[in-house]
């Protein structure tokens, strides 16, 4: 049941975060601020979600999984219900609730939720993590469509947000009952701070680990597909409805990518799956130069979701440390891409080249070689 609880948490946290584009359009139409300023709400939420992973990972090791589950659920529910009574034209309330409070709540839930799966799974950990992480992809399909329909229907912003708040709160409560730590935590001793610093230092000196983490850091820094695919679709003369559903199509591919390649990685080694998938994602970014019709948009969006979905397999190692550094990629990635596009969103070749060249795939090759030598096997 732990895997079901984990799936629900990722559905409600990352799944909701991927729906920020719906809020972005609504806030911009309401006059809260310009698009660049509004985008910082989503960036700040993701920054806090990941950066708190360093702390929540430590608290998880010390046995505070249940407490973090309760506090995280409460903060997310509080953020959503308070957001529902905010004026969408007033920026300060939006960034406080959706950016700060919800980001902290997400951070307290996600790292422990992924970490606890290792207590239940050993040989099939990759498959288990893939299933859990597919919850975020499913949420990325359902949440934006649901919010868009609620905001445009009779519910409007207030009751639309409130309806989602009730749904997410209920699912997170169910998830907290389904997940239970099997191994007691190790309480912090008098040298806890020194041990934490030593663990971070050891991770920084572990060359294969550092190389292993680069693809996800670069991927989160260069989100040309994740955030700007709908805009790119509209600028090529395609309908607004297709532009809206491109992210849902991408997330549908990500469902397959999170489960299939991760399961395969349990048998032939995660590096042997990650390396071709990372290179494929870089090639698909270059494909944006030639995709100008609807069938091509659908196919490329699905394939990009499939290839990038497998990248999260690396999160099973030193999760909190990785998430902390990923936070800075999420904070600055979207503004960098926006700056490359320019004020009139015409300089796409800069953003595309920057994303494709910076996938970080090449770092995996020496990392795989080092780990293979260390373990004495090619199944790495």
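Backbone N, Cα and C atoms are what each Cβ position is placed from, and that goes for glycine too.
Per TrEMBL, signal peptide is recorded for 1-19. Long-range contacts of the signal peptide (1-19) within the same chain, counting only residues at least 6 positions beyond its ends with a Cβ under 8 Å from a Cβ of the stretch, are 42, 45-46, 49, 76, 106, 109-110, 113-114, 116-117, 119-121, 128, 131-140, 142-144, 147, 164, 168, 171-172, 174-180, 226, 247, 251.
Per TrEMBL, transmembrane segment is recorded for 37-55 (among others).
Summarising the annotation, TrEMBL assigns transmembrane segment to 67-85 (among others).
Annotation source TrEMBL lists transmembrane segment at 91-114 (among others). Under 8 Å from some Cβ of the transmembrane segment (91-114) lie the Cβ atoms of residues 5-6, 9-10, 13-14, 17, 23, 27, 32-33, 37-38, 40-42, 44-53, 55-57, 59-60, 65, 68-69, 71-76, 78-80, 82-83, 129, 132-133, 172, 175, 179, 315-316, 319-320, 323, all in the same chain and six or more residues away from its ends.
Residues or ranges marked as transmembrane segment by TrEMBL: 126-147 (among others).
The annotation transmembrane segment is assigned in TrEMBL to 159-179 (among others).
Taken from TrEMBL, the feature transmembrane segment applies to 242-259 (among others). Same-chain residues lying 6 or more positions outside the transmembrane segment (242-259) and placing a CB less than 8 Å from one of its CB atoms are 18, 21, 127, 130-131, 133-134, 136-138, 140-141, 144-145, 148, 225-226, 229-231, 233-234, 277, 294, 297-298, 301-310, 312.
Under the heading transmembrane segment, TrEMBL lists 279-307 (among others).
Feature annotation from TrEMBL assigns transmembrane segment to 319-341 (among others).
Residues or ranges marked as transmembrane segment by TrEMBL: 347-365 (among others).
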